[in-house]
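Everything below concerns the one structure shown next.
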Amino acid sequence: MPRIMIKGGVWRNTEDEILKAAVMKYGKNQWSRIASLLHRKSAKQCKARWYEWLDPSIKKTEWSREEEEKLLHLAKLMPTQWRTIAPIIGRTAAQCLEHYEFLLDKTAQRDNEEETTDDPRKLKPGEIDPNPETKPARPDPIDMDEDELEMLSEARARLANTQGKKAKRKAREKQLEEARRLAALQKRRELRAAGIEIQKKRKKKRGVDYNAEIPFEKKPALGFYDTSEENYQALDADFRKLRQQDLDGELRSEKEGRDRKKDKQHLKRKKESDLPSAILQTSGVSEFTKKRSKLVLPAPQISDAELQEVVKVGQASEVARQTAEESGITNSASSTLLSEYNVTNNSIALRTPRTPASQDRILQEAQNLMALTNVDTPLKGGLNTPLHESDFSGVTPQRQVVQTPNTVLSTPFRTPSNGAEGLTPRSGTTPKPVTNATPGRTPLRDKLNINPEDGMADYSDPSYVKQMERESREHLRLGLLGLPAPKNDFEIVLPENAEKELEEREIDDTYIEDAADVDARKQAIRDAERVKEMKRMHKAVQKDLPRPSEVNETILRPLNVEPPLTDLQKSEELIKKEMITMLHYDLLHHPYEPSGNKKGKNVGFATNNSEHITYLEHSPYEKFSKEDLKKAQDALVQEMEVVKQGMSHGELSSEAYNQVWEECYSQVLYLPAQSRYTRANLASKKDRIESLEKRLEINRGHMTTEAKRAAKMEKKMKILLGGYQSRAMGLMKQLNDLWDQIEQAHLELRTFEELKKHEDSAIPRRLECLKEDVQRQQEREKELQQRYADLLMEKETLQAKF
């Protein structure tokens, strides 16, 4: 009988290494292929081994106290839900279950007073581990079995073969087939060029011959078509990338050599930066070294600034006392005021007060879970199972912050008196005998009683308590006597500058305004000034409209002409002169820089500044106030109304305005070569072509900008309305389905109504037929019964005769 091989058992180091290498090659989805490398393990066991032990993300360190508290708390909230508890703690489900049982067994041992140092979950001799996938690997024996050696050699060979023979053979066959096809094609072309036609032998194939026919071809209708879009430029073939080494790809030896070189550089950099760890890594000791855990200390109870303040106070008093001693002042007042506050020598060693005793939360939670597990049925009655105080306030347990008692934060320069252990008693009292007290530090003394506290009083003395009561009653009586006499007539008088005081709050000198607030206020003031200055500028500057780069002063008429100018012409000349002055001022102070131009292009503006300055010196620019500009604007509006009424002008429609604008705009032509405008009838054909090309370029730029803007808006609207659109499509589909169902239901209803009508008319006929059949059957049965009776009688008669 052949031996039956059962897969499973303890994992060995060799199997772990093979499994890790196989996962690196095949991934985490092909467990059957991975298990084929391990003769003693199944695919399910390989997957469990990876996800329970070999995965680098698994935490294998010792359980901290916080993790144990969280484990017991979550086990209480979600019992037996280890797959849910595991990601919250950061461990695997098997680790959580194993440590949970370990804590319960440990608690049971403590309850039974069995003090053993062994792990309660440790397997006894002869037991089989039910979960070998969650345990460390067993070391490999020196002399392996033949099966293990064969498995190891096979796995090494399969994992080392990154480029399999089958893939190489397929690629080679494909390349040969392609070369054969190209050779045959070249041969047919050469024969056809020589005038020899060879009919290609076609093999009868079921289906479509994709080399000779075009599948699903639809020939276009006869006629003429525009083929301008079909012209394209063929790509230049880069024959340098068609070499054999580029087609085969990178060799494995080159890749390994590059990786080794990279590892050497990494090790060299590590030696330069961290020499000890590099030495440990090269010597192989890094696997056994363990870094020390971070020292966790409680938060400090007093800051460095407070310590410096205490030191400064002590140094100041010490300097004053030494000065008084050097000057020879030894009277009682000085000695009382300048008392020595140094800590006296104490032969007893100082000890830090112990922290308050805390309860073992882990032990309490484990005892609670053990008690709940072993509880009897509630049908028996009686008292509930006694449990420790538990916490159900959240998913994770509340942590108790352990703090070292701080003796420095107590009130300085005082001496408590009511039985504080290990402290110097207050003067004038007899210290109480204290037994079994831990001596603490010698406190700071307060001979002047500057810092009295409740702890200073000796409440055990009855006379002291009575004296304090008398003093408090006397103080209260004096306070009540000092109250003013009550008055019932009140008059409310507001101060004269109450509104100003409410509007202008007093600024505290001690308050330091934040620098960000100061900068924001200054920036707001600058912005307001900039807006105010912008409002005082011309409309063309405010709207950033294009402005001429050169001023044409030839539009002015000479004054000494014959015949002399009329008043209207003189007014027009004044307007032109003011316009030229404004242009010079704007070109000097607010030169126009198109947004498309780059820095350094407008060089001509700097050269013309001297001309603008010279002109403004002869014809100074006059600034007007806001009120004057408002009056002038109102006067212009009134004059426009008068002219409109006098000339009988109505409201101009948008169509008429556009027509006039197009006519005026068509008479002006922009010359990009000269960067200026001119009349269209004065421009040459070349200038017209350049102007139209420039306009086409500008329009294309606008079109591109608007297309990008539209695409961005479309994308944004798609994001905003995509859900609504999909929802609307779904609802429309549901509505159509419901409508189809309604139509189908109506059709079925009418069908069944017709069927009912036919059935109602056919039922009486069928009933008559059935009744006739029944009657006919009854008559036939009667006849047969009568015949049967006659035959029976005849049989009896014959039997009686014979």
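Glycine is treated like the rest: Cβ placed from N, Cα and C.
These features come from Swiss-Prot:
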type	residues	note
DNA_BIND	31-54	DNA-binding region
DNA_BIND	82-104	DNA-binding region
COILED	142-245	coiled coil
COILED	676-701	coiled coil
COILED	764-802	coiled coil
DOMAIN	57-108	domain 'HTH myb-type 2'
MOD_RES	Ser303	phosphoserine
MOD_RES	Ser358	phosphoserine
MOD_RES	Ser417	phosphoserine
REGION	108-143	region 'Disordered'
REGION	200-206	region 'Required for interaction with CTNNBL1'
REGION	246-278	region 'Disordered'
REGION	260-606	region 'Interaction with PPP1R8'
REGION	408-460	region 'Disordered'
REGION	501-659	region 'Interaction with DAPK3'
REGION	706-800	region 'Interaction with PLRG1'
MOTIF	165-271	motif 'Nuclear localization signal'
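Across the domain 'HTH myb-type 2' (57-108), mean pLDDT in this model comes to 91.
DSSP assigns Ser303 (phosphoserine) to coil, not to a helix or a strand. Using a Cβ-Cβ cut-off under 8 Å and counting only residues 6 or more beyond its ends in the same chain, the coiled coil (676-701) has close neighbours at 548-550, 666-670. All protein chains considered, the CB of Ser303 (phosphoserine) has 9 other CB atoms within 10 Å.
Helix first, then strand, then coil: DSSP counts for the region 'Interaction with PLRG1' (706-800) stand at 95 helix, 0 strand, 0 coil.
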